[in-house]
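Novice: Let me give you the structure first, and then I'll get to my questions.
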Amino acid sequence: MSPAAGARMPLLPGNKPVRRATVSGAVFNVSTSIIGAGIMSIPATLKVLGVIPAFLLIVIIAFLADVSVEFLMRFTHSGESITYAGVMRESFGQVGSVATQICVMITNLGCLIMYQIIIGDVLSGNGSSGTGHSGVLQEWFGIQWWNSRDIAILFTLVFIFLPLVLLRRVESLKYSSAIAVLLAVVFVGISSAMAIYAIFEGKTSNPKLIPSLDKQTSFFDLFTAVPVIVTAFTFHFNVHPIGFELGKPSDMISAVRISLVLCAAIYFSIGLFGYLLFGDAIMSDILVNFDKSSDSAMGALLNDVVRLSYALHLMLVFPLLNFSLRVNLDELLFPKKPLLATDTRRFVILTLGLLVFSYLAAIAFPNIWYIFQFLGSTSAVCLAFIFPGVIVLRDVHGISTRRDRIMATIMVFLAVVTSAIAISTNLYNFLGNKS
């Protein structure tokens, strides 16, 4: 019996039927899964690539993400599994399942740690790096014990993260996801308005339409921007949790396509206007640029609104990534145990353990740009493109068409080549900076 028939659909204890999720709720949850911290590094990719190549790359990655999700859903509903790791198990056995679970844990745990880093940067600043900056709370109230970085992140964890991660259905997060998407739009809207105003004031520089290769930027450095955008479009770990709460497989495909169009527009908008606003001074984390002193009180207020709106957005993205992280960790550690949502003790222990670990790791972590480069070059690329591609090529259900195999081959080839070049270039630059 195919899982599409709903044989193992209930996510809550007991035998009561669970109300189906809505397409609008799925759109909000998928969009929120996509628009995480990656949006802040998009303007830096325009600085590296230039406007036109960056736009084309965003479109290409969004298209390939849509194709890979369609592959995943089709093979899922042709088999018996209801998870990403289960689909890989059907094609490649236990090795495929474990590889998927490890990639999900690396990608999601890395993102959860980064979210807390960014929230700490916004609220309490980061004085430890060479480009240290103050946070909103410190600007408003001065440096106090209660607005220190550790306390601010801990407060967020206890009063915002914890209540949301204790929810047991993805559909329950649709309202917080809707708010998260709205906050991202606010972030983009204000940034765009500030950039347009700066253009009329003559305070912007002409953006590079194509990459400029010089002593600081080599040809291979261009490939380091690819995994950043790949990571920004990696949401495949939540395809199954969100999709199996919907009534029909086609509903998930529609929700994904709407979300990809929306998110691609948001990414390019913030990339273009952020680059116009700050030019070559753009940093790997654009929120850092918004802490600069403004010429007016209104400008300072807008800077704070932008920073706070996106910090709150990340707070609401956190539970969605935690959801699939927790499920995959449980599936890896306790493969023969009952469904996680039916075991309160195991559910609470895993939830609290992940929160504590991510908090401890977040209080001292390196530059966000390097994190996104390495995550995007490895686990995120596997989840987004390599694993869906090899599932199609393996074709254990005999449903792949010639077009599917061609697309899968292209997808896997491009992912492997660009990832290998990006990893090599990142390592070379990292070691070169340390020497």
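Any Cβ shown, glycine's included, is placed from N, Cα and C.
TrEMBL: automatically predicted annotations, no manual curation.
As listed in TrEMBL for this protein:
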- 20-419: domain 'Amino acid transporter transmembrane' (DOMAIN)
- 21-42: transmembrane segment (TRANSMEM)
- 48-69: transmembrane segment (TRANSMEM)
- 98-119: transmembrane segment (TRANSMEM)
- 151-167: transmembrane segment (TRANSMEM)
- 179-199: transmembrane segment (TRANSMEM)
- 219-237: transmembrane segment (TRANSMEM)
- 258-278: transmembrane segment (TRANSMEM)
- 308-327: transmembrane segment (TRANSMEM)
- 347-365: transmembrane segment (TRANSMEM)
- 371-393: transmembrane segment (TRANSMEM)
- 405-428: transmembrane segment (TRANSMEM)
Novice: Cβ pairs under 8 Å with the transmembrane segment (308-327): which stretch of 98-119, 151-167, 219-237, 347-365, 405-428 has the most?
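Specialist: Top-ranked stretch among 98-119, 151-167, 219-237, 347-365, 405-428: 98-119.
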Novice: Under 8 angstroms, Cβ to Cβ: which one of 48-69, 151-167, 258-278, 405-428 has the largest number of such pairs with the transmembrane segment (347-365)?
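Specialist: It is 151-167, which has the most Cβ pairs under 8 Å.
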Novice: Near the transmembrane segment (98-119), which same-chain residues lie under 8 Å Cβ to Cβ, leaving out any that are not at least 6 residues past its ends?
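Specialist: Non-local partners: 36-37, 40, 84-85, 88, 92, 152-153, 156-157, 231, 234, 237, 285, 287, 311, 314-315, 317-318, 321-322, 324-325, 328-329, 331-332, 354, 357-359, 361-362, 365, 368, 371-372, 375, 378-380, 382-383, 387.
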Novice: Short question: most Cβ pairs under 8 Å with the transmembrane segment (258-278), which of 48-69, 151-167, 179-199, 219-237?
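Specialist: Out of the listed stretches, 179-199 contacts the transmembrane segment (258-278) most.
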Novice: For the transmembrane segment (21-42) against the transmembrane segment (219-237), do we get 3 or more Cβ-Cβ pairs below 8 Å once near-sequence pairs (under 6 apart) are dropped?
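Specialist: Yes, since the transmembrane segment (21-42) and the transmembrane segment (219-237) share at least 3 Cβ pairs closer than 8 Å, they count as touching.
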Novice: Are there at least 3 C-beta pairs under 8 angstroms linking the transmembrane segment (179-199) and the transmembrane segment (48-69), leaving out pairs fewer than 6 apart in sequence?
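Specialist: No, the stretches stay apart by this measure.
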